[in-house]
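If you check TrEMBL, you get these features:
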DOMAIN    146-195  domain 'LRRCT'
REPEAT    198-240  repeat 'EAR'
REPEAT    244-286  repeat 'EAR'
REPEAT    290-337  repeat 'EAR'
REPEAT    339-382  repeat 'EAR'
REPEAT    386-429  repeat 'EAR'
REPEAT    431-473  repeat 'EAR'
REPEAT    477-519  repeat 'EAR'
SIGNAL    1-30  signal peptide
Amino acid sequence: MAGLRARRGAAPGLLALSALGFCLMLQVSAKRPPKTPPCPPSCSCTRDTAFCVDSKAVPRNLPSEVISLTLVNAAFSEIHDGAFSHLPLLQFLLLNSNKFTLIGDNAFTGLSHLQYLSLANNNLQTLPRDIFRPLDILNDLDLRGNSLNCDCKVKWLVEWLAHTNTTVAPIYCASPPRFQEHKVQDLPLREFDCITTDFVLYQTLSFPAVSAEPFLYSSDLYLALAQPGVSACTILKWDYVERQLRDYDRIPAPSAVHCKPMVVDSQLYVVVAQLFGGSYIYHWDPNTTRFTKLQDIDPQRVRKPNDLEAFRIDGDWYFAVADSSKAGATSLYRWHQNGFYSHQALHPWHRDTDLEFVDGEGKPRLIVSSSSQAPVIYQWSRTQKQFVAQGEVTQVPDAQAVKHFRAGRDSYLCLSRYIGDSKILRWEGTRFSEVQALPSRGSLALQPFLVGGRRYLALGSDFSFTQIYQWDEGRQKFVRFQELAVQAPRAFCYMPAGDAQLLLAPSFKGQTLVYRHVVVDLSA
């Protein structure tokens with residue numbers, strides 16, 4: 001029994017020694033450094049450097065302590081976003097003498113310790129905008145030996161080079177020809193014309209229309225559309241929250257060709273011109289929130305209206321109706337107290353198609369175009385309080401539409417023709433002279449308009465796409481800018497709606513399209 005107790009008493013000591021030995025083994029194991037990942041087959045590695053040749057990708061299994069990485073003759077052409085984020089301690093990155101053609105926007109993200117970057121002797125033609133911005137302490141950058149295309153995509157680099165503290169070896173342009181062999185650091189920023197524009201489809205109104213007239217009433221923006229197909233003048237309201245045109249109201253008009261809104265003494269009126277059934281003037285009643293008929297327009301005087309113009313002269317409101325019937329006459333109406341009254345008959349028997357009011361140099365004028373003779377210019381006589389014929393635009397014997405614009409000190413007329421070229425004329429002091437002819441077979445509508453200092457001309461056709469032209473200030477001419485797929489447009493209307501600059505294209509055969517003018521920075 002005593003021997004048994006002795007053997008049992010010895011067991012705790014042995015267990016303690018075993019436990020102590022195990023703990024010592026754990027401590028030794030804990031002090032052993034982690035195993036270094038193997039160096040990729042294409043690389044030569046030390047503890048903190050890696051030199052790689054013919055790599056098929058940026059090596060991933062490198063020690064995180066690597067501070068210097070060199071890639072030469074890499075077997076890949078793109079550096080993707082975050083390609084080096086697994087090496088946050090990198091200080092030197094040499095990517096020279098490869099065939100890189102594309103670098104991701106965020107290729108160097110996470111390299112906050114990078115001091116030296118070499119991208120020399122690659123096939124780089126451009127660089128992502130602000131790619132070096134995350135490299136806060138970058139001291140040296142080498143971009144020599146690339147084929148940089150010094151277009152708008154490089155403008156940011158020119159700006160960055162002018163302000164950075166990083167030392168950058170001289171870089172030269174390979175293209176375009178005017179910059180070839182020029183030093184990028186020396187390129188003047190004014191040489192980069194990087195802002196362009198575009199008209200993009202913004203909203204589709206699922207109905208045809210033949211005229212469009214925006215107007216402001218009680219601080220809200222509206223649009224009046226003549227829609228003979230649905231027998232109405234449709235009023236749309238601009239929704240500033242949804243940034244869309246919304247249905248608002250309708251005025252009955254079985255054969256409407258023009259719906260002209262006028263705000264007179266804070267009261268809203270809409271002149272509804274119709275081919276058949278007479279023309280009318282409606283008044284908006286804010287108490288009943290509806291349009292009510294105010295008066296008829298003499299059907300013997302206005303038989304077949306084609307266009308309406310509203311304007312003020314010496315504080316008085318007028319509207320003129322172009323009549324396209326053989327027996328009718330273009331007529332002028334004047335607002336007086338509680339209605340519009342016939343004021344003057346103009347240009348009888350000439351099948352007038354369009355009107356343009358011009359108030360320049362203190363001399364109000366009305367230009368009347370006709371399919372049967374040259375446009376006629378009327379000038380307002382303040383003594384007679386009437387328009388008096390001043391002359392004809394003899395260069396264009398038949399014009400479907402007439403519009404005007406000013407560029408600098410010069411005044412121009414735009415005249416569209418259904419057969420033959422449309423014309424751009426400039427006023428020379430005593431007569432108009434032709435400055436440009438625009439192909440326009442089948443044209444019934446054209447409209448010059450100004451957006452943020454840029455002048456455009458929309459020219460529609462029944463047989464081809466709508467052409468948008470832009471005014472070239474240096475050449476003093478319109479140059480072709482863009483095509484819009486609008487079927488048989490009958491008008492064009494520019495409408496600023498908050499920060500949205502819109503071009504409306506009412507179509508006789510299809511949907512009414514709303515385009516938005518957008519500004520594009522090609523250097524972005």
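Every residue, even glycine, has its Cβ placed from backbone N, Cα and C.
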Please work out which recorded stretch in 198-240, 244-286, 290-337, 339-382, 386-429 has the most C-beta pairs separated by under 8 angstroms from the repeat 'EAR' (477-519)? 198-240
Chain residues outside the repeat 'EAR' (339-382) and at least six past its termini with a C-beta under 8 angstroms from it: 269, 271, 281, 294-295, 298, 301, 306-309, 311, 313-314, 318-320, 322-333, 388-404, 406, 411, 413, 415, 418
If one takes Cβ-Cβ under 8 Å and requires six or more residues beyond its ends, the residues near the repeat 'EAR' (244-286) are 203, 205, 210-211, 213, 215-218, 222-228, 231-238, 292-297, 299, 302, 304-310, 317, 319, 321, 335, 339-340, 514
Contact set, same chain, for the repeat 'EAR' (431-473): CB under 8 Å, 6 or more residues outside the stretch: 197, 199, 393, 395, 400-401, 403-405, 407, 412-414, 416-425, 479-486, 488-494, 501, 503, 505, 517, 519
Tally of DSSP helical, extended and coil residues in the repeat 'EAR' (244-286): 0 helix, 33 strand, 10 coil
With DSSP helix as H/G/I and strand as E/B, how many residues of the repeat 'EAR' (431-473) fall in helix, strand and coil? 0 helix, 26 strand, 17 coil
